[in-house]
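Below: one structure, written as structure tokens.
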Amino acid sequence: MDIDLLPAATTLLLIATVVSLASSIYAFRQHNYPVAIWCGWLMLAISIYCAGYAGELSSTTLQQADNWIRLQFMGAAYIPCFVILMTLCYRLQSQPPLVIPALLLTVSSLILVLVMGNASHHLVYRLESIHKVHQLTLSQFSIGPGYYLHLVYLNLSWVLTLSLLLQFYRTIPAYRKPIAFIAVGTTAPWLGYLVNIANYSSLQLDFAPLCFLITSFCYWIGLFKYRFANLSPIARDHIFEALNKPLLVLNEQLQIVDFNRKASDYFGCTAQRLLGKDVSQLAALPNGLHHLRHSQNEMELLEFTHNQQAWELAIYPLRQQQQRIQGFILVFQEVTERVQLIETLRTHAERDTLTNLFNRRLLMGRLPALLAEASEQTPLSLILFDVDHFKAINDAQGHLAGDQALINIGRLVQHTLPTTALAARYGGDEFLIVLPRCTAAEATQLANMLNEQCQARLGFSLSLGITQSTGQETTEQLIQRADTALYQAKSQGRARALTCSQVMTPCGAG
Ligand SMILES: Nc1nc2c(ncn2[C@@H]2O[C@H](COP(=O)(O)OP(=O)(O)OP(=O)(O)O)[C@@H](O)[C@H]2O)c(=O)[nH]1
């Protein structure tokens, strides 16, 4: 009994054609996902191949069958090329170097050219006859070197694709499920092809086109359902735009190749003006950006001011797989508040809040280093002074008036002393002044001037103890000497400056 298999076979092949075509359109629509482009072309090639085979099975003449075979090759010639490119792109997570698609597309196009001119040279196949089996038209042909070239290319592409997938499968466990689907999708038509060449099918049907149904399904799951790679470019685009900081992407020549909305706001430029522009020609950037080209650092931070705001620029070099730098990402962050906060904290840590002179901790921290530089040739002197009868000011005029008196002393000290002097509130109504490159005699002059100004302007006197470093003593010993001189100045009736050498008790004892 002759069973009519034609409707079933053509229906299945047309389903495979439509499914592949739909998958191709779907893939092309995911154009921001590099793999999807190659997947789209592959599905289109499969769709053409399936349509061609459906046509061949329903042909009625030798010429018709030949035409449909040529259509099949229009798809089949490119299937190996697109399979490799899709897998490579999936493996690299970016487009492969241009030379690879160029080479593969050349081989595929060569096969297609051979097929198109086959009628004259028969280098690919020679169609001998057609015969009907269960109403299906099956072609009898002998094959030539062009056909073998296509077979070798096809088999090599499958081997290469599977080895790439296997390597990927081993290295990134998270990708295992999608890779398994892609591997099954790639192997299915190959198995169909093996069935053909082993002649297992009594029907002599080519099962490969039908197996492409499985391929479409598996690729769709592997590439799109798991969303391992196609979601991340979309997410990255969103983050890029949603980032509340200006961001630039530069190529190796430091030209702007991409930027977000915040960046065009920052530079006050339209997209046309920013794209392709050399970043070193832009204002509102820190100096020295042209050095980037030679930068090997992982990440660099630069601080600068723009429009009276403090900015921090983070520069990230872009490398593909640990190779040489191919570009940079520049992320700008406005840090005015942070800089002001740090400034405030530094002031609080270093300054006395009442007088705005340095505090004791700061001066005691700096003194050892200054002392280490002191010698007979580069003298260093110290003035330790105390307000006379300060308690009386507090008691008579109140604590606030006492505070104001301390503030006024602070101002007077700042105006009277040279800029090289370091003045600190030592505690209560006591002040310490360090005078680098200053002898005890010069310090005494300054101390007397300070005392006179204080009496004249503020209406109270000071007692001051002065000492000069020998370059041998410790900080504590030096302060102790100044304190002894101050104590003596108090004892001798206040309102005076005494140097260590003028006091009765030996000063060096401390
Ligand atoms: N208003 C005010 N008073 C302070 C401050 N710190 C310390 N004092 C007061 O300063 C006074 C220091 O007094 P003393 O140094 O003991 O004595 P004096 O009255 O200055 O007398 P002599 O130093 O002996 O001349 C104390 O009454 C403290 O309470 C401050 O920050 N503000």
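The backbone N, Cα and C atoms fix where each Cβ goes, glycine too.
Long-range contacts of the transmembrane segment (6-28) within the same chain, counting only residues at least 6 positions beyond its ends with a Cβ under 8 Å from a Cβ of the stretch, are 36-37, 39-44, 46-47, 50-51, 53-54, 57-58, 134-136, 205, 209-210, 212-213, 216-217, 219-220, 223-224. Under the heading transmembrane segment, TrEMBL lists 6-28 (among others).
Among the features that TrEMBL reports, transmembrane segment is placed at 35-55 (among others).
The transmembrane segment annotation in TrEMBL covers 67-86 (among others).
Feature annotation from TrEMBL assigns transmembrane segment to 98-117 (among others).
Taken from TrEMBL, the feature transmembrane segment covers 147-166 (among others).
The transmembrane segment annotation in TrEMBL covers 178-195 (among others).
For 207-226 (among others), the entry in TrEMBL reads transmembrane segment.
TrEMBL lists 238-277 with the feature domain 'PAS'. For the domain 'PAS' (238-277), the list of distant contacts is 284, 289-290, 292-293, 318, 325-334: same-chain residues at least six beyond its ends, Cβ to Cβ under 8 Å.
Residues or ranges marked as domain 'PAC' by TrEMBL: 295-347.
Residues or ranges marked as domain 'GGDEF' in TrEMBL: 378-502.
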Spatial neighbours of the transmembrane segment (207-226) far in sequence, C-beta under 8 Å, 6+ residues away: 12-13, 15-16, 19-20, 23, 26-27, 30, 35-36, 39, 42-43, 46, 49-50, 53-54, 90, 177-182, 184-186, 188-193, 195-196, 201
Within-chain partners of the transmembrane segment (67-86) [C-beta distance under 8 Å, separation at least 6 from its ends]: 35, 38-39, 41-42, 44-53, 55-56, 59, 96, 100-101, 104-105, 107-109, 111-112, 115-116, 118, 124-125, 127, 139, 150, 153-154, 156-158, 160-161, 186
Predicted model, mean pLDDT over the domain 'GGDEF' (378-502): 95
DSSP helix/strand/coil residue counts for the domain 'PAC' (295-347): 12 helix, 28 strand, 13 coil
